[in-house]
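I have placed the structure first, in the form of structure tokens, so that the comments after it can refer back to it.
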Amino acid sequence: MQLFTSSVGRKVLMAITGQFMVLFVIVHMLGNSSIFIPGGINAYAEHLHALPPLVWAFRLVMLVAAGIHILFGIQLSLENRAANPDTYAVKNYKKATMGSLSMLYTGLLLLSFIIYHLLHFTIRATPDIKLGVDSLGRFDVFGMVTNSFSHGIIAFIYIAAMVVLFLHLSHGIQSFFQTMGWNNDKSLPVFSKIGMIAAVVLLLGYATIPFVIVTGILKG
Ligand code: HEM
């Protein structure tokens, strides 16, 4: 199979890079949950940054995966659109086009969120960022995150972005199984359910953090 040139090859690459990013969002959500353990997120961040070459190797792999996913995602949905003009009579084709278009829009919104998020908590370049150290001399990720999410607008942006992530993944995870050809009439509903459950868990796991902070349930 010509991975980079054939339409099926590009779909498979999109599915694999997509699943790779799903793994990342699962691990990142579990890591972020350490915010509920006193001192937890500061210790987690310190461990994470303990081996810079590993951090940079991981970032490079993520960048390549995201690049492939975004590039082919845009390309495939534009090709789909050109192949299925609005007047197309067959309902299923229209449905498929709608699906890929909404994946394109939610994907582009997620990309904007990720750029903002990197500027926010990784590069720490936005005006709300509070830099400091905790009582053990570690960088105070807890203070930074709670300070940012105490601003209603920032908490709202994050919660809205998590809804977009949910929309993208509830379709995307199920598509993965379809693209890999692992589905049949019996397994398709099961894979749809797995995709939906994973997307809901991620939505709740992530959105809870800005929610409990902006509502004052978790105090900085
Ligand atoms: C409530 C939601 C989220 C919170 C509180 C959060 C928190 C954080 C924090 C604190 C960092 C910086 C870690 C450090 O440098 O010590 C970070 C980095 C990052 N986050 Fe998130 N995050 C959230 C959602 C997401 C989502 C949904 C994605 C992906 C779609 C994401 C992708 C990333 C990436 C790619 C990095 C950079 C990792 C690196 O340093 O290479 N985050 N996040």
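Glycine residues also receive a Cβ, built from the backbone N, Cα and C atoms like all the rest.
Note that the coordinates shown come from a computational prediction; the quantities given were computed from them, not determined experimentally.
Going by TrEMBL, these are the annotated features:
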TRANSMEM  12-36  transmembrane segment
TRANSMEM  56-78  transmembrane segment
TRANSMEM  99-119  transmembrane segment
TRANSMEM  149-169  transmembrane segment
TRANSMEM  190-218  transmembrane segment
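Counted as Cβ pairs under 8 Å, contacts with the transmembrane segment (56-78) are highest for 12-36 among 12-36, 149-169, 190-218. Within the chain carrying the transmembrane segment (149-169), a Cβ under 8 angstroms from the stretch's Cβ atoms is held by residues 22, 25, 102-103, 106-107, 109-110, 113, 116-117, 128, 195, 198-200, 202-203, 206-207, 209-211, 213-214, 220, all 6 or more beyond its ends. Remote same-chain partners of the transmembrane segment (12-36), defined as residues 6 or more beyond its termini with a Cβ less than 8 Å from a stretch Cβ, comprise 1, 3-4, 43-44, 48, 62, 65-66, 68-69, 72-73, 76, 142, 145, 165, 169, 172-173, 175-176, 179-180, 198, 202, 205-206, 209, 218.
Counting residues 6+ beyond its ends, the transmembrane segment (190-218) has Cβ neighbours under 8 Å at 22, 25-26, 29-30, 32-33, 35-36, 145-146, 149-152, 154-156, 158-159, 162-163, 165-166, 169-174, 177-178, 182-183 in the same chain.
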